[in-house]
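Asks: Let me give you the structure first, and then I'll get to my questions.
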Amino acid sequence: MSRPIVAIVGRPNVGKSTLFNSLAGEKISIVKDYPGVTRDRIYADVTWLNYQFTMIDTGGIEMDTKDIMLSHMRQQAEIAIETADVIMFLVDVKQGLVDADFKVADMLRKSHKPVVLVVNKVDNFEKYMPDVYEFYNLGIGDPYPISASSKIGLGDMLDEVTSHFNKSLATEEEDERPRIAIVGKPNAGKSSIINKLLGEERVIVSDIAGTTRDAIDTAVKWNGKEYVFIDTAGLRRKSRIKEELERYSIVRTVAAVEKADLVLLVIDATEGVTEQDAKIAGIAHERGKGIIICVNKWDLIEKDNKTVAKYTDEIRRILSFMPYAQIMFISAKTGQRLPKVFETIETVIQYQNLRIATGVLNEIVTEAVAMQQPPSDKGKRLKIFYVTQVSVKPPTFVIFVNDKELMHFSYTRYLENRIRDAFGFTGTSLRFITRERKEK
Ligand SMILES: Nc1nc2c(ncn2[C@@H]2O[C@H](COP(=O)(O)OP(=O)(O)OP(=O)(O)O)[C@@H](O)[C@H]2O)c(=O)[nH]1
Ligand SMILES: Nc1nc2c(ncn2[C@@H]2O[C@H](COP(=O)(O)OP(=O)(O)OP(=O)(O)O)[C@@H](O)[C@H]2O)c(=O)[nH]1
């Protein structure tokens, strides 16, 4: 299921980072064993009661003049409107209202996206409530007072935020067509691929009630089946600030990946795999989505019988955290191997949804354990009682053991490889959860 996206928009210094940290706790961004999106906060997973959502911070640049601030805030708001299911507009009770706040509020109101107005730094409700009421003047509904640093008022605010989820996601869940995000660096050829895949069949997916996001979704029919492509092309927007551009491209990538079942990562063959490609791949991996790496512009490469192997090695080396990813060499220009892309998409979708019966799974695991002894520590050896698959997209397995501490990362990896040998699971990451169970 795709997780709702909540974007925070707000001026510098209103407390966006503080709120981010308070809500996300330790779980901010990125696991360390593959290239992180950035050390800095851009997105985080938040769990609140039974809800899980992805929070993104669309801003974060230092600004010196008022003019730059306004244009920056407009861009933040635009990105939020484009990518988010719910927008949190964060203001500061101590700074009060400024002109830019009204302009941003206007933009948000016109977008028809759910907006929650959050007034921060209300460290003392009694003292500041009269000031909070001032924010009604923005005309975007009730202000929710909070103190991000003392974690006051967060519950009511989150209740309001999550109350908007079901409405926005209901339409999406009914749609059974596979959703494929095409991601990659600017100029890699994302639009060209979509256009070529579409050929004559271009159908723009109809706008669902005022959501800009869907305007860039395109349905393509192949073998009688419809697929929805989510395009992240056109990232070279107005901004001239490099960090800002990078942030926007990450935000849009996160949003597209979040809404997708499967990700096509487009790499420009003439440039090889870049650091930015690795970051984007990291997002898809972390989200547990299916992935296909398309090395595009293959027509421009001078080839001999070692070229494919050379490229493959290079990709495997740099994207070593996703050895399961399919790699394809394509050309949007000539159409080379594009039909094969659909076949591969079908394969990956099947593996993302594959369920292995517990009996068969445990035959494989028992055999694996017999071939390579589980690790031990201080005379105590890891015992694996049994393994069971608990979910799909991505396929997730629970391993029941005698002592969690004894389960070493490398042994999980070994079991993963044996399971892959037996069942394939091409193009999809696998998740493993270790649980302790009392010995009988
Ligand atoms: N009194 C009070 N101060 C707060 C609260 N939340 C944040 N602050 C302070 O406000 C200042 C700015 O907070 P940040 O979280 O860095 O603000 P930001 O919006 O992320 O700022 P930029 O990174 O510049 O966009 C810091 O000094 C925080 O300690 C709050 O609830 N009460
Ligand atoms: N020779 C060759 N050129 C290609 C191929 N695919 C794309 N191009 C060219 O590469 C340039 C960029 O292609 P786009 O499709 O606009 O790239 P994009 O990834 O959508 O770019 P953004 O909109 O910036 O994100 C264009 O000039 C295309 O004609 C290919 O397979 N072979």
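Cβ coordinates come from backbone N, Cα and C, glycine included.
Just so you know, TrEMBL annotations are computer predictions that nobody has curated.
Reproduced below are the annotations present in TrEMBL:
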- 10-17, 57-61, 120-123: GTP 1 binding site (BINDING)
- 184-191, 231-235, 296-299: GTP 2 binding site (BINDING)
- 4-169: domain 'EngA-type G' (DOMAIN)
- 178-353: domain 'EngA-type G' (DOMAIN)
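What does the local environment look like for each feature on the list?
Replies: Spatially close to T58 (GTP 1 binding site) yet at least six residues away along the chain are A7, I8, V9, Q75, Q76, A77, I79, A80, R247, Y248, V251, judged by Cβ distances under 8 angstroms.
The Cβ neighbour count for K190 (GTP 2 binding site), using a 10 Å radius over every protein chain in view, is 26.
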Asks: I'd like to verify something. Among the binding-site residues N13, V122, K190, which ones have a C-beta closer than 6 angstroms to some atom of ligand 1?
Replies: N13
Asks: How big is the Cα-to-Cα gap, in Å, between N187 (GTP 2 binding site) and G10 (GTP 1 binding site)?
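Replies: Roughly 31 Å, rounded to the nearest whole number.
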Asks: Rounded to the nearest angstrom, how far is the Cα of G10 (GTP 1 binding site) from the Cα of K190 (GTP 2 binding site)?
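Replies: Cα-Cα, rounded: 31 Å.
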Asks: So among the binding-site residues N13, N187, T232, who's got the most Cβ atoms within 10 Å?
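Replies: Most Cβ neighbours within 10 Å: T232.
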